[in-house]
Amino acid sequence: MLAAPGTNRVTYFLALETSCDETAAAVFTDELQVLSSVVASQTDLHARFGGVVPEIASRAHLRSLLPVVDDALARAHIGLKDIGCVAVHNTPGLVGALLVGVSAAKALAFGLGVPLIAVNHVASHIFACRLAAGRDIFPCVGLVVSGGHTALFRCDTALSMELLGGTRDDAAGEAFDKVAAILGLGFPGGPAVEREAAAGNPKAHDFPRSFIHDGRLEFSFSGLKTAVMYACHGQDVKRATPPGPGQKRADLAASFQSAVVDVLAMKCKQALRKTGLARLAVGGGVSANKPLRAALEAMCKKEGADLFIPPLSLCTDNAAMAALAVEKWKQGAFAPDDLDAEPNWL
Ligand code: KG4
Ligand code: ZN
């Protein structure tokens, strides 16, 4: 039997995430207790292409989704019949990949006779901070830094996000992935660049920090990526081969990373000052980066702001962060039967 909002019975949610290259399912309660969170990564399938191949991602989601759901239910020690609500990230992302999750969620909700809730993947990245904190974090400035997005939001509640500014070209994670390809560090690029940078000198190259002294809350990482390419290969970029291990490569990685970190920390500081808010919540894969976490901590301390960054497992794509669905459930904001995947948002 379905428990309605406001009754004493616990409602169990099953959430699905298939927006990019992680197939994920999670079980949580209407009190935001996460009972299980399972993520099947497709990294190995995409590595030899140096990036996510949409068609491969969709097919891998098709293969993995039901086993991942079974695993999430088993780890939560409940069965499908106990599920009172199904949630799914339906936007933004790769359209074919999103469709797998949306179709499965619709079928499950219809088959079980329970409500379906559509959740925005970017909003969920911010909500991951709320989950990890175990207490209210709103109102706050939200920074989402992932492979697909780099944007600052004013978040008055978990469900109201006003865009303060985003990237004009590449997302920060995309820049990490492209620079990793230039340096021959493999895929996914973020963790590889971070590892390489640990042995490098962040001041070896003075790479551009776009808009850093400009009040606009916008980002641009494409010029930075090009600057790394020229610093690495000189003018002859067409015949260039990756530099191979050594100090040169480590210095390029460290100098690149330091430019990204400086810009992200400065823009967060400007957003806190502009909004007058004293809380910063950070989500998305790039927030797993340790130098970024350290820089944001130092900045927030100086500004007298509280910083919320989830543990690594909640930074990268997962379905537990879709617990944002509980907020919508409380409002009765259910998805229509003809819910569709929406690849674009913003
Ligand atoms: O949020 P996410 O898992 O997927 C998207 O929604 O895009 O973010 C993936 C991105 C990738 O670009 C990856 O290279 C980057 O996050 N990333 C990192 C780190 N770990 C993952 N970037 C920098 N440092 C890291 N440690
Ligand atoms: Zn994401």
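Cβ from N, Cα, C; glycine included.
Note that the coordinates shown come from a computational prediction; the quantities given were computed from them, not determined experimentally.
Secondary structure at His121 (Fe cation binding site), taken from DSSP and collapsed to helix, strand or coil, is helix. A simple way to gauge crowding: the CB of His121 (Fe cation binding site) has 26 other CB atoms within 10 angstroms, across all the protein chains here. What TrEMBL records for His121, His125, Asp317 is Fe cation binding site.
TrEMBL lists Val144, Val145, Ser146, Gly147, Gly148, Asp177, Gly190, Glu194, Asn289 with the feature substrate binding site. With a 10 A radius on its CB, Gly190 (substrate binding site) counts 28 other CB atoms from all the protein chains.
Mean predicted confidence for the domain 'Gcp-like' (33-323): the pLDDT average there is 95. For 33-323, the entry in TrEMBL reads domain 'Gcp-like'.
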Distant-in-sequence Cβ neighbours of His125 (Fe cation binding site), under 8 Å, six or more positions away:
Val144, Ser146, Gly283, Gly284, Met321
Which binding-site residues, if any, among Val144, Gly148, Asn289, Asp317 have a Cβ under 6 Å from ligand 1, given in order along the chain?
Gly148, Asn289, Asp317
If you measure C-alpha to C-alpha, which of Gly148, Gly190, Asn289 (binding-site residues) come within 10 angstroms of His121 (Fe cation binding site)?
none
Report the nearest neighbour of Asp317 (Fe cation binding site) in space among the binding-site residues Gly148, Gly190, Asn289, comparing Cα positions.
Gly148
Under 8 Å by Cβ from Asn289 (substrate binding site), same chain, sequence gap 6 or more:
Gly190, Glu194, Gln257, Val261
Checking proximity to ligand 2 here: which binding-site residues out of Val144, Ser146, Gly190, Asn289 have their Cβ closer than 6 Å to it?
Ser146
